[in-house]
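Single-structure report; data block below.
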Amino acid sequence: MKLLRITYLVLPLPLHPAAKMVFRKPPDGGWGWVIVVVSFFTQFLCYGSPLAVGVLYLEWLDAFGEGKGKTAWVGSLANGIGLLASPVCSICVSSFGARPVAIFSGFMVAGGLMMSSFAPNIYFLYVSYGIVVGLGCGLLYTATVTITCQYFDKHRGLALGLISTGSSVGLFIYAALQRELIELYGLDGCLLIVGALSLNILACGSLMRPLESSSSPPPEKMFVDKVPDQYFVYHEKEKTIEENISILEKGYIDEKCVNNGPDCKQDNILNKNALSSINVNEKDTYKKKVVEQTNFCKQLAKRKWQLYLTYWKETMVLFKNKVFSALFVAILLFDIGGFPPSLLMEDVARSANISEDDYYMPLISIIGIMTTVGKLILGILADFKWVNTLYLYVTTLLMTGMALFAIPFAKSYLTLAMLSGILGFLTGNWSIFPYVTTKTVGIEKLTHAYGILMFFAGLGNSLGPPIVGWFYDWTQEYDTAFYFSGSCVLLGGFLLLLAALPCWNACTNQSSKLPPNTYSYKVASNA
């Protein structure tokens with residue numbers, strides 16, 4: 001009987017109930033407003049320099065003497081890598097939580113900026129500024145959005161809108177700040193100071209308290225530690241069944257020897273016979289457990305494969321929706337053509353021989369502040385029932401394309417400032433892009449569809465500035481580059497407009513062959 005008790009104790013012990021995490025409902029206030037404030041400053045601190053990289057771009061051109069296309073890769077990587085790696089960022093936040101990811105990413109952003117001050121060539125900046133800083137920004141964006149959504153339900157839209165303005169305000173302030181720091185301390189000193197400022201992200205991240213029930217006790221240590229070592233027959237996986245049984249035999253015999261003294265030898269013989277009689281049963285039990293675990297692993301792998309196939313099937317279903325396919329092309333072309341001005345506008349002014357004495361405010365700062373205004377106004381317009389969000393988004397695309405066509409004709413600071421303000425305002429259409437995606441694919445497919453679209457948005461951010469820079473290296477002027485950029489945005493806007501026309505709805509409604517999860521945008525209804 002004692003032998004049976006020993007065998008029973010080696011079975012896996014369940015976790016203590018207190019080890020389970022208990023979450024409560026979003027409070028929609030309270031500490032949630034602290035989360036909003038620290039998330040705002042987190043985005044302000046991490047995105048300020050990458051979005052205002054146009055000021056640094058001029059200094060890197062002079063310092064390394066590389067072409068504009070090659071140098072533009074630094075800023076485009078810093079702004080695009082976070083979107084390209086958004087699936088990885090989401091997995092990290094889901095696995096480790098917003099607070100640890102925010103603190104770790106703060107070190108990444110600060111370290112990347114400081115390392116960039118020691119860059120010996122442009123290729124070093126690709127890694128230190130483009131990849132390290134860009135990936136840190138992507139992780140911080142995901143962490144701030146996730147923790148804010150956990151704390152808010154009814155006021156989630158307001159909270160997300162407030163924290164999203166942090167990046168635009170950062171662009172507005174960092175453009176002037178970096179220019180002033182470069183004049184005072186040089187490029188290297190500027191990057192060191194900006195990197196030191198980014199260390200404040202650590203303080204913001206430490207305040208991102210997870211939404212955990214305060215009444216839940218801390219996980220207690222598993223009481224498996226109290227079990228004597230001699231009872232752990234299977235605690236070393238590499239031991240064979242014969243070695244495990246010999247351990248059991250030795251532990252039992254040693255205990256009997258201590259208790260019985262002189263009768264130890266006789267008991268040893270009896271115990272060996274008893275253990276050999278259960279040898280077969282022990283082997284069968286052990287083999288059965290191995291088979292069960294093997295079958296479990298096979299079933300798990302099969303299930304993961306089925307999920308993988310389901311994901312690709314749902315992706316194909318999404319692309320059968322004409323409006324979604326057009327939206328995918330539009331966002332890619334918009335970021336290829338619409339993102340370069342925020343990076344290259346300062347160099348455009350220098351190429352137009354505009355004196356720095358005429359500058360009342362950096363052009364990038366104008367883009368930043370007007371982006372904030374655009375996000376707020378376009379977001380308010382999208383809430384009106386009589387406004388169709390898809391047509392509103394198409395309108396911003398078409399107007400952006402025309403503004404890009406007008407840049408080659410701007411030869412003064414005033415005209416460039418006006419165009420920068422218009423482009424900044426229209427870039428605020430990011431605030432209504434989730435509305436458009438939801439109306440196109442439905443709320444059930446929003447996460448899947450939005451992840452795909454953000455990936456290609458990051459691809460466009462990464463490719464746009466280098467392409468415009470290559471056009472300049474080829475033609476030695478920006479006119480052809482911005483004609484190309486305007487054509488890309490206009491093409492995306494017209495494709496999306498054609499896909500949303502009522503004639504497409506008639507064709508879609510007549511077709512019952514499409515899968516049941518496919519959605520089409522009904523332009524006749526109010527968004």
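Cβ atoms are placed via backbone N, Cα and C, with glycine included.
TrEMBL: automatically predicted annotations, no manual curation.
As recorded in TrEMBL:
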type     : residues : note
TRANSMEM : 30-53    : transmembrane segment
TRANSMEM : 73-94    : transmembrane segment
TRANSMEM : 101-119  : transmembrane segment
TRANSMEM : 125-145  : transmembrane segment
TRANSMEM : 157-177  : transmembrane segment
TRANSMEM : 189-208  : transmembrane segment
TRANSMEM : 323-339  : transmembrane segment
TRANSMEM : 359-378  : transmembrane segment
TRANSMEM : 390-410  : transmembrane segment
TRANSMEM : 416-437  : transmembrane segment
TRANSMEM : 449-472  : transmembrane segment
TRANSMEM : 484-504  : transmembrane segment
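Outside the transmembrane segment (416-437) by six or more residues, the chain places 161, 164, 327, 331, 338, 341-342, 345, 348-349, 352, 354, 360-361, 363-364, 366-379, 381-382, 389-390, 392-393, 396-397, 399-400, 403-404, 406-407, 410, 446, 449-450, 453, 527 with a CB less than 8 A from a CB of the stretch.
Packing against the transmembrane segment (101-119) from elsewhere in the chain are residues 42, 45-46, 49, 92-93, 125, 128-129, 132-133, 135-137, 139-140, 142-144, 187-192, 194-196, 198-199, 201-202, 204-206, 208: each is 6 or more residues past its ends and has a CB under 8 Å from a CB in it. When the stretches 125-145, 449-472, 484-504 are ranked by Cβ pairs under 8 Å to the transmembrane segment (323-339), first place goes to 484-504. The list of residues near the transmembrane segment (73-94) in space but at least 6 beyond its ends in sequence, with Cβ under 8 angstroms from a Cβ of it, reads 50-51, 53-54, 56-57, 60, 101, 122, 125-126, 129-131, 133-135, 137-139, 141-143, 146, 339, 343, 451, 454-455, 457-466. The largest share of C-beta pairs under 8 angstroms with the transmembrane segment (484-504) comes from 390-410, of the ranges 30-53, 189-208, 390-410, 449-472. Cβ atoms under 8 Å from those of the transmembrane segment (189-208) belong to residues 34-35, 38-39, 41-42, 45-46, 48-49, 56, 98-99, 102-103, 105-107, 109-114, 116-117, 140, 143, 147, 174, 177-178, 181-182 of the same chain, restricted to positions at least 6 beyond its ends.
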